[in-house]
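See below for the structure under consideration.
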Amino acid sequence: PQPVINGYRNKSSFSVNRGPDGNPKTVGLYVGTGRARNIVCVRADCMKNIPAKHKQVAQRYEQFLRLSPLEPCILFHRGGHWRELIVRTNGRGHTMAIVTFHPQQLGQEALAAQKASLKDFFTSGPGAVCALTSLYFQESTMTRCSHEQSPYQLLFGEQHIFEELLGLKFRISPDAFFQVNTRGAEVLYQEIGKLSQAAGDTILLDVCCGTGEQQPNPPCSPHPLSRVIGIEIVEKAVEDARWNAAFNGISNCEFHTGKAETVLPPLLSAWQDERPLVAVVNPSRAGLHHRVVRAIRNCRAIRRLLYISCKPEGEAMRNFLELCCPPDARRELAGGPFAPALAVPLDMFPHTEHCELLLLLTR
């Protein structure tokens, strides 16, 4: 169970599309399916898991769109510009808003005018009531675009928001991964600390580490860890992780930027350390790349593996089978198989049918 069940989300994504009344400048969440061609965008007013602050920013963004002479970008090939809104908040109410914009054929002068209009709306116009801590703008010609592909442009305010988790302070960039349920994340990390059975000489390998919440000395671990090695694909998240470790006075961490399937195999193939090695993986819904599974499976030093999944019935099941099957030369799975020892479902997403599954695998 979770300590907070209403308004717990610290990050919400709002789409822009036609509403029930046909207005294409509606900001909210999708109802319906693409296959049935009945998608409609409805306001998030009644959603119990979204905090009031997020709803307020979405409502003001919708107001801004309806005042703007530019059309929304619903289908890239049909033109339009204004796209989704992401809102992030912390426990102190600080609020970061990120607006995505398709530039189409607009020149730099026209783009600058739109950015100025958006900034004015949220600083001195009707949107000022939201009291944003920061406002970001991203020009994107793709469905999802990283900071490296198209930088997040700070229109005003602070570069980051900060969150406290288990007595530590964390810096969060616009595109950095951070568990959407902060208080629920504390429950999750406390469970990880117990199940890792880490002693003072343990090394923790954190794959898909985000902003580095798995620090070596938090209350979630009964013993300070010897060393933490984090791997994360988002460059800004790694910058946050390094800042977080330094700010919290933690020196025995190292973080690697890159795809796990690129970074992890050479790291583990050359592993010589005799200290206990515990791995924690927290992949996206797509699961772990086969090269990551193979590297973990073939590293005999890893006897304990904690797999975190928000969709265990999906691609993660493929990972479970590869980790637990007998050695398979054809798939280059040479190490001994893991066995599922314990599954802990956490109600990280109250008011939905989903849960976060913490699966302990041992060998």
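These residue numbers are counts, starting from 1, taken along the chain as shown.
Each residue, glycine too, has its Cβ placed from N, Cα and C.
Unlike curated records, TrEMBL annotations are generated automatically.
Annotated active site, nucleophile per TrEMBL: CYS310, in sequence order. Summarising the annotation, TrEMBL assigns S-adenosyl-L-methionine binding site to GLN179, GLU232, ASN282. The domain 'Methyltransferase' annotation in TrEMBL covers 202-265.
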Next on the checklist: Can you work out the mean pLDDT of the predicted model over the domain 'Methyltransferase' (202-265)?
Outcome noted: 80
Item to check | the residue listed as 'active site, nucleophile' as reference: those binding-site residues from GLN179, GLU232, ASN282 with C-alpha within 10 Å of it | outcome: ASN282
Item to check | Cβ neighbours of ASN282 (S-adenosyl-L-methionine binding site) where a neighbour is any other Cβ within 10 Å | outcome: 23
